[in-house]
Amino acid sequence: MNNESRRPPPMTHPSYQQPPYQHQPFQPPRPPVSPQPPVHPPGQHGPPQYSQPGPRQLGQPLAHPSMQQRLSPQPGPFPNQHQPLPQQRSPLLPAGQPRPPQPQQRPMMPPASSGALPPPPGHPLPVAPQPAPQVATNPGPPPVTGHPASLVAPMQSMSLRAPSPQHTQQPTPQQLPPQHAFPPQQQQQQPPQSAQPPAVPQPLQPPNPKHGRSKRVYAVDPQVTNASTRPEAGGPTPPWPHGLNPPQQAAPPLSRSPVMSSIQGNKQPAMNIPGSPQQPLPADMRPPQQPRPRIDPDQMPAPVQVREQDQLAFENQFFGTMERDRVPLATTDYIGLDQGNSNPRYLRATTDKLPVSKDLADTSKLPLALVVQPLAKRRSDEVALQVVNHGDEGPVRCSRCRAYISPWCSFIQGGSRFVCSICSHANDVPNWYFSNTDMSGRRVDIDQRPELRYGSVEFDVPQDYHSSRAPAPLSYVFAIDVSAQALQSGMVKAACEAIKSTLFSATSDPKLAPENRVGILTFDKSVHFYNLHPSLPQALMLVVSDIEDMFIPIQDGFLVDTHASKDIILELLDSIPTMFQGSARPESAFLAAVQGGKQALALTGGHLHVFQSTMPNHGPHALKPRDDKTLYNTEKEKSLMVPQDEAYKDLAKECVKDGVCVNTWLFPAQYIDVATLAVLPELTGGDVRFYPNFNFTADATIVQHQLDHDVHRELGYDGVLRIRCSDGLQVIDHYGNCHMSTYTDMELAGIDEDKAMAAVLKHDSKLDPNRNVAFQCALLYTTKAGQRRVRVHNLNLTATSDIAEVFRHGDVDTTISVLLRKAIFDLQHKNRKEVHQKLTDLCVEILTAYRVNCASSTSPGQLILPEAFKLLPVYVHGAIRSKALRGVGNDMNTDARSAGMRLFNGLDVKELAWTIYPRLFELHTMSKECGEMGVNGYIELPTMIRTSYGRLNTSGVYLLDSGSDVYIWLGSKVDGKVLASLFGVDRLDQVDPNMTTMPVLHSELSHQVHAIMDKLKSQRSRYLQLHVIRQELDPLEFTFSTCMTEDRNAEVQTYVDFMCVLHRKIQEEMKKLQH
């Protein structure tokens, strides 16, 4: 049987080329020879190579042989190197005819300061690149069948192995599982290329006419590593690592990027005129050109296949919350069935098997933490949370730790006492709550007690649970900046129209309940309050000019019902944009406006939305410009990320005390000091909406949709959240948009369905492996309707003394969410590059711990990745590139980074994962079922591809969801029929790049794209703004390229290079441990 017939059909070997520092004088390829065992000269090591490990070591059931894959070195045509195997037949050449030589450029050495792999001793400088090692793979596991609970994820690993300079290396019997020893696959040989001088950047043509892959020009930072490059392959390769065909996956949507307007401000008008002659962009405005990786990127783990496989496993199936062997990923769309544990939408842990002791936790290096999203939005086909009312007695609670009754409490002594699931204290059951138990200790009335059946419930609570103010329906105050800058930019008009569309429908019907009240104020150097009492013929303005002694001049009529005062409110909102045109002032008293709104809501609490266009420049606490670009990337940069005036933090604490949640809407034309203004929403549980260089025509729709979402989503106010855990664990840190007045309680002036908080755990004693570990999250808050309630989420996990089980049941989405929140906190105290290094070191420590403790018997040259954490490197790589941690680019400044920090600090796990690794869809190859509603009532999405610019076809159409924007990228050679179906034009230069909505056409493709975009927007908490990008014609293409997570930018190396750096660091750590 020949190699072609024995090779697994779904896979091809990954390309891997030796580094450019191993150069040899060129000689023609030698004829094929028989494979020889590897021989390494003393002290010499070749470049790393990825492969899969053999059978599981240590006797632990983590690995499954069918899920393993091993890569072996590839023969090369150079002297003193591997001898070539029989050449693989090219589909474009007749059998036996060799491929003609192709010119090559002389490779450049990476800089000494880069993260490139160091040259091995004894190797001279390079002359020409060498071919990639050859790969032997196994076919992967059989198709997934059966119940999701039975799907045990095996260990996923890759190994880096050095090819021999003398012989062709083949897998040894110890390296491959005996039952999966596949022959090496063949690969085409490519002659070396001759050295050429560097070419001047010019409009690039696709390197391969068959596949039409696009190239880019990138501004390269000397510190960016180029650890691995290889000649481009002739075409796409199968996904990593099992050769599974990519299935369908759910998608996300709703918001706007804080950097888009700054890029739009730099657009060249001549390029934006449809139908006008188009000139190629200059080299510095094109998307960056990426190095050619020597390691096949398809052999790197990526979220695309992992997410789609997980979606297939749980699609259209119920996930029982007691089945903890495999919990759906945060990005998976599933139907949760509450069986006593909380739905993972509400409460997730970094691992579902907790280390039994502090020593084991320290050995694993994993962060022990919970991420809670108490008001998370559920699927429409899931059972709603049950509301329990125990009358004036209130919920039954433990007398020692004050935990609430839950399904994990056990009843003893015939039902007269119950044992607390948190502290194990035996409590007397109140007489009114008593019920007999059966022989198993189960209450006979359990079917009538939702709190004993479900992991998540809500309790109506009596007056004892009220705060300093009586519960009242939620009130809203809208404060609008009417300074000269706000009027000139169109922000005032956009804010008024957004408020009007949020409060009233298109037919002027109120959208809020009658009990919810609304107030409006404006401000420049003074604060203007408006009396909206329904008895008045029109709104009455009252001006407070003494902003140092702020007070409310209206006793009755400021907060009104939108039903009774509808006409007055509509008339006022229509007149405000023109009311101040003749008397516009440059001053803006932001702090005084917040104080006025706080005083108006002090008696009841509520939400305050402040629309601001310029830096607060008037009043006792006016801010001063401090954005010194010379401090960027220096030790003093961290001083720009903290508030410059403590008065803003003090006011935020007063708002928390009064139950007032502040949401800031910022529309700056220049520096506005987001780091200071964002303190108010950060401590009160609000949002920072950031729209730099606001343009009314393009951005007004975004503000309308976003404000409508923020007001009408499920939310509450005047809340307190506490997380309790079993004896042996304690909560030591909290991260999120909240105020910590005590060590244990998170004070939330506002809380909504989009907010998530993280709680870091620590051992204070050893856990009992024979007893479950219980967690309970209790949120006391006031609902939008004015009801005081406690929402309780319970989670019961197990402890283990086996470190392999800790890794096997890990949750990488939750882990990166916790790590990124820690990094954001550190940005206020450490240099940004130190934060980058710390995040990378944490990733190295986790992978090293697994390598040493769970795969110690494997070859030292192997990079072993645990199955549950195989996406940790790509997520860390994406987090470093994110808006919160990125420091380069013409779209980045301290304002953009501060806005990104507050955004990521409050994002839930699902949206965070989607944002640091965006979803990229192929629209030109999608099936007819995409965009159509399936039998389950959900829209089917196209197949995702990995986020790398080199994967884009010049004749294709792609859609990218970045979390704040949605891009439609049009290749330079896209078919005119596709353009006609999507945009109604025949040529690419006729497409309008400034459009904010897709045209509605009577074509199947247009219908599909609209349905897909609606699906994405429905999944996001931020409004997704549309951007149409024509390849090499629109400047925004450079910003689009920054969303390509696997590519290099001017600060961060490619994902493949990053993996090489991680591998080198892991090897260094292992050597330290051995010595």
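Residue positions begin at 1 at the first shown residue.
Here the Cβ of each residue, glycine as well, is placed from N, Cα and C on the backbone.
Copied over from TrEMBL:
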COMPBIAS  14-25  compositional bias 'Low complexity'
COMPBIAS  26-45  compositional bias 'Pro residues'
COMPBIAS  46-55  compositional bias 'Low complexity'
COMPBIAS  81-96  compositional bias 'Low complexity'
COMPBIAS  97-110  compositional bias 'Pro residues'
COMPBIAS  117-132  compositional bias 'Pro residues'
COMPBIAS  163-193  compositional bias 'Low complexity'
COMPBIAS  194-209  compositional bias 'Pro residues'
COMPBIAS  258-269  compositional bias 'Polar residues'
DOMAIN    395-433  domain 'Zinc finger Sec23/Sec24-type'
DOMAIN    471-709  domain 'Sec23/Sec24 trunk'
DOMAIN    716-798  domain 'Sec23/Sec24 beta-sandwich'
DOMAIN    811-912  domain 'Sec23/Sec24 helical'
DOMAIN    940-1012  domain 'Gelsolin-like'
REGION    1-300  region 'Disordered'
The domain 'Gelsolin-like' (940-1012) versus listed stretches 395-433, 471-709, 716-798, 811-912: most Cβ pairs under 8 Å: 471-709
The domain 'Sec23/Sec24 helical' (811-912) touching the domain 'Zinc finger Sec23/Sec24-type' (395-433) per 3+ Cβ pairs under 8 Å rule: no
Integer mean pLDDT for the domain 'Sec23/Sec24 helical' (811-912): 91
Number of helical, extended and coil residues in the domain 'Zinc finger Sec23/Sec24-type' (395-433), per DSSP: 6 helix, 11 strand, 22 coil
